[in-house]
Amino acid sequence: MPSASASRKSQEKPREIMDAAEDYAKERYGISSMIQSQEKPDRVLVRVRDLTIQKADEVVWVRARVHTSRAKGKQCFLVLRQQQFNVQALVAVGDHASKQMVKFAANINKESIVDVEGVVRKVNQKIGSCTQQDVELHVQKIYVISLAEPRLPLQLDDAVRPEAEGEEEGRATVNQDTRLDNRVIDLRTSTSQAVFRLQSGICHLFRETLINKGFVEIQTPKIISAASEGGANVFTVSYFKNNAYLAQSPQLYKQMCICADFEKVFSIGPVFRAEDSNTHRHLTEFVGLDIEMAFNYHYHEVMEEIADTMVQIFKGLQERFQTEIQTVNKQFPCEPFKFLEPTLRLEYCEALAMLREAGVEMGDEDDLSTPNEKLLGHLVKEKYDTDFYILDKYPLAVRPFYTMPDPRNPKQSNSYDMFMRGEEILSGAQRIHDPQLLTERALHHGIDLEKIKAYIDSFRFGAPPHAGGGIGLERVTMLFLGLHNVRQTSMFPRDPKRLTP
């Protein structure tokens, strides 16, 4: 006589067979084998952003991440996310889906990547929680392409929740260190996607505008033999049997290109600052947008060209990236960025007068501190209703050695900074193009002439008057969007305390 245990097993096996037999949809779902480029199936994947009413009743394939899943009786609702776009998908028991398929879909780990075949259906009521609000996908097949681990280091819904909402409702938000420690997950949020797509737009508009103005894009060395601006804030690297340094800017090389008759040049590339500054706006590595240009008679020719380039960038962002701006504003509310045409220009002495009138004590040759920059930004906004402006004629004492002195006032210089929302985003000037004066200024700053010999020599064979400036990409992105920390606009930020990921 068979044992009770054996009897139970003999009963369970037919039930399993029966269940399997009843699962008429078993070929329509599951975990796919790893894609190793074995084949190229005749299948067209549709972008989630293209799932609109125009595709109603079409059968489509979509590859996306499982953002959320919610089982309800004999059906399961999924939100499928692809970059910053998402769509609701419905898996319901019927001709194409068995109860086992519904259960499988409901238990797919969040952030897993799936291939879904479904029919695009128009919905009677807009789906407010999705970007594709007028349609949903009725799933006929679903296969897991890449399975995410069940425990995520952070929840994406928490990562996009406005801080004010989290505080008021006692709901979770994600702090900065957690975001940066798990940057790959954080970059998947709609806010991060919008920030870095807009940042890409800044680079594109910068390049597009300058090429249209007749500029040539150049690439300059990042490993150099001496501190590029004569300062101590450089990273030292081993260079065979000698020391070399990471460039603080492409400054000296873009000037040498002007001496080589390129006339108008720009570059986009990394710059390095060994400054132990743990502030909201400093990084040890960031992307520099640099410009240098020969002029005819006055450095304002260059200053105005740079200002116009910035205005073209602002216009382009507002015209082409409204969706991204609105996405960021949803989590980080901010007033729209304002600018004037032509750009407001104030002399440094005028800025000092405004600050002194507001109660700030400053000497004529003092540099602006960060709090005073912010205060000046508020004063300028109140008086002129602009977030973007230029300060001209800085004190010579606070500028680099290659800055041209003002011929009318030896304590001033032919230099300027540009500001967004009360924070400096560009520092620029007319450069000294006379080798004798350049040598004198370098010695005044205590710079070893031997280490910048090639730079000074480039001016000995005839050099046109020229000027330029350097812009911090991450700062421009941060300030245009009204964000509060430059680490939000650096994809993988580097600061004195962070070297990974």
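Backbone N, Cα and C atoms are what each Cβ position is placed from, and that goes for glycine too.
In the record from Swiss-Prot, residues Arg273, Ala274, Glu275, Arg281, His282, Leu283, Gly472, Leu473, Glu474, Arg475 bind ATP; the candidate from Glu217, Glu324, Glu335, Glu424 listed for the same site is Glu424. Checking Lys74, Lys110, Lys453 against Swiss-Prot, you find N6-acetyllysine recorded for Lys74. According to Swiss-Prot, the listed position annotated as phosphothreonine out of Thr52, Thr284, Thr439 is Thr52. As stated in Swiss-Prot, the feature region 'Aspartate' covers range 251-254 out of the listed 111-114, 251-254, 347-350, 359-362. Candidates Lys72, Lys99, Lys330, Lys374 were compared with Swiss-Prot; the annotation N6-acetyllysine appears at Lys374. In the structure shown, across all protein chains, Arg431 is the one of the recorded positions Arg431, Leu473, Thr500 with the greatest number of other Cβ atoms within 10 Å. Across Arg273, Ala274, Glu275, Arg281, His282, Leu283, Glu424, Gly472, Leu473, Glu474, Arg475, which the record gives as binding ATP, the greatest C-alpha separation is 19 Å. Here the candidates are the recorded positions Thr52, Lys74, Ser249, Arg273, and by Cα distance the one nearest His282 (ATP binding site) turns out to be Arg273.
Ser427 (L-aspartate binding site) falls within a strand when secondary structure is assigned with DSSP. Distance from the CA of Glu275 (ATP binding site) to the CA of Lys374 (N6-acetyllysine) is 21 Å.
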